Amino acid sequence: MTLKNKSIVVLLSGGLDSSTVTGIAKKSEAKIFGLSFDYGQRHKKELNSASIIAKHFDIDEFKIIKLDLSLWGGSSLTDTQKNIPIEGVQTNKIPNTYVPGRNTIFISVALSYAEAIDADFIGLGVNALDYSGYPDCRPDYIKKFQELADLANKRGRENNPIKLWTPLLDLNKEEIIKLAFDNHVPLDKTWSCYSGNSKPCGKCDSCRIRNAAYEKWLNNNNKK
């Protein structure tokens, strides 16, 4: 799949994954339209990181959409009465940091935007190996949403569908960090932590997964 001279809407949260997707798209000479969401998340610092990444890669357009999912809560990311789990990553259950329907809502907005500007792709930073077990980051979810997208808009019905582009889907976090360096992502400007603090907590799932992968990448590169 070539992205050169193609238009792509990237869901840019400001985290490691979405920033890496943006970097890959930039290196591929795509026309990039970034979308970020102010959805009532406690870690609003990611919005600042998203803006910095958008400027770093000089993308064609960047929008922050106000869409307050904290109105009904259901997640420790949008409800400050719930504690963010810090006991370590658990693989046998979906953690309370899962935001009900978040990816479905965000990708739907991106699909509408992409169709309006006649973009060819929607870039997503989802990955199914090193993640917190969210149901909307898995390959079967992406496959089914693509099927929905093909049916749900004019371009799909005219056999010119907008494609979901998920270059990180089958990669682990260490591989993503390597890709980030290869594509000139300023990792120190990205934000992964779920806490609303000014510095990463180092204890939430997102911090633990990222830090462990970075340590592994560092160790492997020091051996070379």
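Backbone N, Cα and C atoms are what each Cβ position is placed from, and that goes for glycine too.
Look at Swiss-Prot and you will find Leu12, Ser13, Gly14, Gly15, Leu16, Asp17, Ser18, Ser19, Thr20, Val21, Thr22 tagged as ATP binding site, backed by sequence analysis. The Zn(2+) binding site annotation in Swiss-Prot covers Cys193, Cys201, Cys204, Cys207.
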**Fill in**
Quick note, Thr20 (ATP binding site): same-chain residues at least 6 apart with CB under 8 Å of its CB -> Gly125, Leu168, Ile176, Leu179, Ala180, Asn183, Val185
**Request:** By Cβ count within 10 Å, point out the most packed of the binding-site residues listed: Leu12, Cys193, Cys201, Cys204, Cys207.
**Result:** Leu12
**Request:** Would you kindly give the Cα-Cα distance separating Cys204 (Zn(2+) binding site) and Thr22 (ATP binding site), rounded to the nearest Å?
**Result:** 25
**Request:** Across all the protein chains here, work out how many other Cβ atoms are within 10 Å of the Cβ of Ser18 (ATP binding site).
**Result:** 26
**Message:** Quick check: with Cys193, Cys201, Cys204, Cys207 left out, which same-chain residues have Cβ atoms within 8 Å of the centroid of the Zn(2+) site Cβ atoms?
**Reply:** Ile84, Ile86, Ser192, Tyr194, Ser195, Pro200, Gly202, Lys203, Asp205, Ser206, Arg208
**Prompt:** What is the interatomic distance between the Cα atoms of Cys204 (Zn(2+) binding site) and Leu16 (ATP binding site), given in whole Å?
**Reply:** 15
**Prompt:** Which one, from the binding-site residues Gly14, Thr22, has the smallest tally of other C-beta atoms lying within 10 Å of its C-beta?
**Reply:** Gly14
**Prompt:** How many Å separate the Cα atoms of Leu16 (ATP binding site) and Cys193 (Zn(2+) binding site)?
**Reply:** 10
**Message:** Please report the three-state DSSP label of Thr20 (ATP binding site).
**Reply:** helix
